[in-house]
C-alpha cells in the first residue's frame, strides 16, 4: 500500500493523520465488536452446534449466531476502510461481497429474531398446537426460507457494486446507470484529502452510498483538476472553464440523492451538461477550444461564504432515483418496521397471557432472554434506519445534513455491534449454555493433561473399589 507521502508526491493530495472524532468512535466500536464478537460467536457455534442436543430453540439461536459470526469476519475490512479514509484496496470482488454480507446479515438477523418471537408467542397462546407441530425439522425449514429471502433482498447490493478509480485512488461505489456512478460508498476526510471546492464552483449534494463526514479531496495535475466530495463531483479547467458533473454523494447503505444545478451553458443543451465529463475524451483534451463568450457563461459567480449554511435543510428539490427509493424503503419496511411491529405484538400478547397463567421460572428466564436480545437489536439498528431516511430528504450541505453525515459512521458501527451482543447475552442469561461451556472447557483441559488425569482417575477408581469391597466385607 502506498504511503501518504507517496500519494502526495504523485497526485498532489495532502494527507494528514488526524481523524474526525466521529470516525475514531466508529473505528473503536468496530474494533471492540470484532474482538468480542468473533470469539464469542465462535464459542456459541461450537457449544450449540456440537455439545448441545438439537432443539427448536438451539436451531433458532444457532442460525442467528452464524449470521453474526459472518458479519464479524467482515469488520476488519470496514475498519481498514475507515482508516484509509475511503480508499478501497481490496478490488471489485470484495467491493461487491463485503457490503452484501453486511446487508445479508441485517436481514437474516431481523428475520430470525422475528421467528423467535413468533415461536415463543405460539408456545404461550397455542401450547397444544405447538406440541403437535413444533419440531426441529420445521424450524430448520423456516431458517432455510429466512436465509433464502435474505439472499434475495441483498442481490441489488451485489449487482450494482463497482469500483471507481480516480487519480489512482480506487473507491467502492454503487452504479445504477451504465457509464455513471450514482454514489460513492465511503467518505473522505476533508483535512486529509484537500481543502474544499474551488471558489468558482458551486457544489450541490449528489448521491453516494456510505454516508459520512463532509469531506473532499482535490487533485491538480495536468490541464484539469478534479474535486470529489461527499456530495458532488466537479471537473474544472484553468482560466474559469468549469463544467458541472452529475452529483455523487458519499452515503451509507443505500441512502443517496441526485441534485443537478439547472444552469444554462449558453447554447449547450441541458442534457449534454449532465453527461459524465470524467469519461469525456473531448473534455479531457487540453486542446478544447471554448470561446470567450462561452467561458463567461460557463463560469459561476462566487457565492457568499455562508450561502449554503443559511439555507434550510430542505431548500433543494431532490430527485431521488426510483431504484434508490425501492432499496431504501424496502430495507426500512421489510428489514425494520414490520419485524418490530410483529415482535412488539408477540410480546404484548405474551404479557397479557402471563397475567392469567402462572409461568414457571425457567420459562420466565427464556422469555427474558428473548426480550433482551430483541431490545438490543432495536437499539442497534434504529439509528441506522433513521439516519438513512433523514439523509434522503435533508440537504447534506446544510448544518443539519453535515451533522447527520458526520455521525452516520457511528450509526453503521452501532448496527454492526449487534453481532457481538447475542453470545454474551446467552452466557449471562442462559444457565444451560453456561453449564455446557464449562463442560467443554473441562474436556479441553482433560485432553491437554490426559496422562495425569488418567492416572488420577485410575487411582480414584481403585480407591473407590477398595472402600466398597471393605464395606461389603464388614457387613
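Even glycines carry a Cβ here, placed using N, Cα and C.
Remember, it's a predicted structure, so these values are computed and weren't measured experimentally.
Taken from Swiss-Prot, the feature disulfide bond covers 95-172.
Feature annotation from Swiss-Prot assigns sulfotyrosine to 174 (among others); the stated evidence is similarity to another entry.
Among the features that Swiss-Prot reports, sulfotyrosine is placed at 183 (among others).
Per Swiss-Prot, the feature phosphoserine maps to 450; the stated evidence is similarity to another entry.
According to Swiss-Prot, the topological domain 'Extracellular' annotation covers 1-23 (among others), on the basis of sequence analysis.
Assigned with DSSP, the residues of the topological domain 'Extracellular' (81-96) fall into helix, strand and coil as follows: 9 helix, 0 strand, 7 coil. Residues or ranges marked as topological domain 'Extracellular' by Swiss-Prot: 81-96 (among others).
Here Swiss-Prot flags 161-331 (among others) as topological domain 'Extracellular', drawing on sequence analysis.
Marked as topological domain 'Extracellular' by Swiss-Prot on the basis of sequence analysis: 392-408 (among others).
Among the features that Swiss-Prot reports, transmembrane segment is placed at 24-46 (among others).
If you look at the transmembrane segment (58-80), the same-chain residues 6 or more away from its ends with a CB under 8 A from one of its CBs are 27, 30-31, 33-34, 37-38, 41-42, 44-45, 48-49, 52, 90, 94, 98, 101-102, 104-105, 108-109, 112-113, 115-116, 119, 136, 139-140, 143, 146-147, 416, 418-420, 422-423, 426. The transmembrane segment annotation in Swiss-Prot covers 58-80 (among others) and rests on sequence analysis.
Long-range contacts of the transmembrane segment (97-118) within its own chain (CB-CB distance under 8 A, at least 6 residues past either end) are made by residues 60-61, 63-64, 67-68, 70-71, 73-74, 77-78, 90, 142-143, 146-147, 149-151, 153-154, 157-158, 161, 172, 185, 209, 253, 331, 334-336, 339, 342-343, 346-347, 370, 373-374, 377, 381, 415-416, 418-419. Sequence annotations record features per position, and here Swiss-Prot assigns transmembrane segment to 97-118 (among others) based on sequence analysis.
The list of residues near the transmembrane segment (140-160) in space but at least 6 beyond its ends in sequence, with Cβ under 8 angstroms from a Cβ of it, reads 59-60, 63, 96-97, 99-100, 103-104, 107-108, 111-112, 115, 174-176, 254, 323, 327, 330-331, 334-335. The transmembrane segment feature in Swiss-Prot is assigned to 140-160 (among others).
For the transmembrane segment (332-351), the list of distant contacts is 106-107, 110-111, 113-114, 117-118, 120-121, 124-125, 153, 367, 371, 374, 378, 381-382, 385, 388-389: same-chain residues at least six beyond its ends, Cβ to Cβ under 8 Å. Swiss-Prot lists 332-351 (among others) with the feature transmembrane segment.
The transmembrane segment annotation in Swiss-Prot covers 369-391 (among others).
Taken from Swiss-Prot, the feature transmembrane segment applies to 409-429 (among others).
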Rounded to the nearest Å - Cα separation of residue 95 (disulfide bond) and residue 174 (sulfotyrosine): 10
Between 95, 172, 174, which of the recorded positions has the fewest other CB atoms within 10 angstroms in the structure shown? 95
In this predicted model, what is the average pLDDT of the topological domain 'Extracellular' (1-23)? 51
Sort out the residues at least 6 away from either end of the transmembrane segment (24-46), same chain, that have Cβ-Cβ distances under 8 Å to it, and list them. 61-62, 65-66, 68-69, 71-73, 75-76, 78-79, 82-83, 409-410, 412-414, 416-417, 419-420, 422-424, 426-427, 433, 437, 440
Long-range CB partners for the transmembrane segment (409-429) (under 8 A, at least six residues beyond its ends), listed in sequence order, are 22-23, 25-27, 29-30, 32-34, 36-37, 40-41, 43-44, 61, 64-65, 67-69, 71-72, 75, 78, 82, 102, 105-106, 109, 187, 210-213, 252-253, 365, 368-369, 372-373, 376-377, 380-381, 383-384, 386-387, 437
